[in-house]
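Visitor: Please read through the structure below; I'll follow up with questions.
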């Protein structure tokens, strides 16, 4: 397992960069809102060296390109990109490992005199990074108890148990993600508090003074775009991509195999549904995930919101630059 991958070399500028220009930017929002395009436009308009860090847990996996809408290597060549293609599909992505590796990457970029731009929508991963989450201890016996309960009643029923104990946690954890469901129940039992209570509130200063920009994308605008994007993924070869990755260890039991689109295609390949049903289920799952992302991010008062319906990355990037200038001068 190698989290350290960077797409392109970095060069340190001469002289010392003012501290304010080293503050990371974090671009968040629901899937399909245009975060990656915006990150590139902002990087082009900043009058300083910039390096980009991936904040999408599934884009960390090698070969998972079509179904994650990952920028191509050619698109990533314009600026150094980090934490893309750094895991094999049979590796387990971890919030704690991401916090540590992305944090080290931020500080290495700053040491080179460049500004980090973090871009993605993986909710807990990003908050763990910018708020330096400290994770509660684990207890093997408690975890084993909840895993046994999952085996007894099934993962979807266990998700309902989580909802009864902590509705907010159930809203953000996918109902078919047994590892995170079990972990949340473990934390709740060990601490006697809701899962999120073990983490810092969202109204405290961010780590490194990170500035957060969010793309606001209402469902009536985003949902048709998401369906069209799913259609493009299937047309571009998502099924063949999944078939190839299956030979490299992608399975429904792996973390990568639970990614939206990949899980549905794996079910179809196993004969459990038609490929058309897999496409429809992918659309439904993507829309549900976008709703969870919107719910998570709108609770953070530190986010400066941008209107994704403008659908013009250049115009939105200009708004980001203007906001940075105003707050710096103010």
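In case you wondered, yes, glycine gets a Cβ from its N, Cα and C as well.
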Visitor: Given 56-59, 60-63, 64-67, 68-71, which one carries Swiss-Prot's region 'Interaction with substrate tRNA' label?
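Guide: Checking Swiss-Prot against the ranges 56-59, 60-63, 64-67, 68-71, the region 'Interaction with substrate tRNA' one is 56-59.
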Visitor: Can you give me the residues near the recorded ATP site, meaning same chain, not 29, 30, 31, 32, 33, 34, 35, 36 themselves, Cβ no more than 8 Å from the center of the site's Cβ atoms?
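Guide: Going along the sequence, the neighbours appear as 121, 215, 217, 308.
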Visitor: So for residue 29 (ATP binding site), how many other CB atoms are inside 10 Å of its CB?
Guide: 26
Visitor: Where does the mean pLDDT land for the region 'Interaction with substrate tRNA' (56-59)?
Guide: 98
Visitor: Might you list, by sequence position, any residue in that chain lying six or more from residue 32 (ATP binding site) with a Cβ less than 8 Å away from its Cβ?
Guide: 69, 217, 222, 225, 226, 229, 286, 290
Visitor: When you tally the Cβ atoms that lie within 10 Å of each candidate's Cβ, which of the recorded positions (35, 143) has the highest tally?
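Guide: The largest 10 Å Cβ neighbour count belongs to 35.
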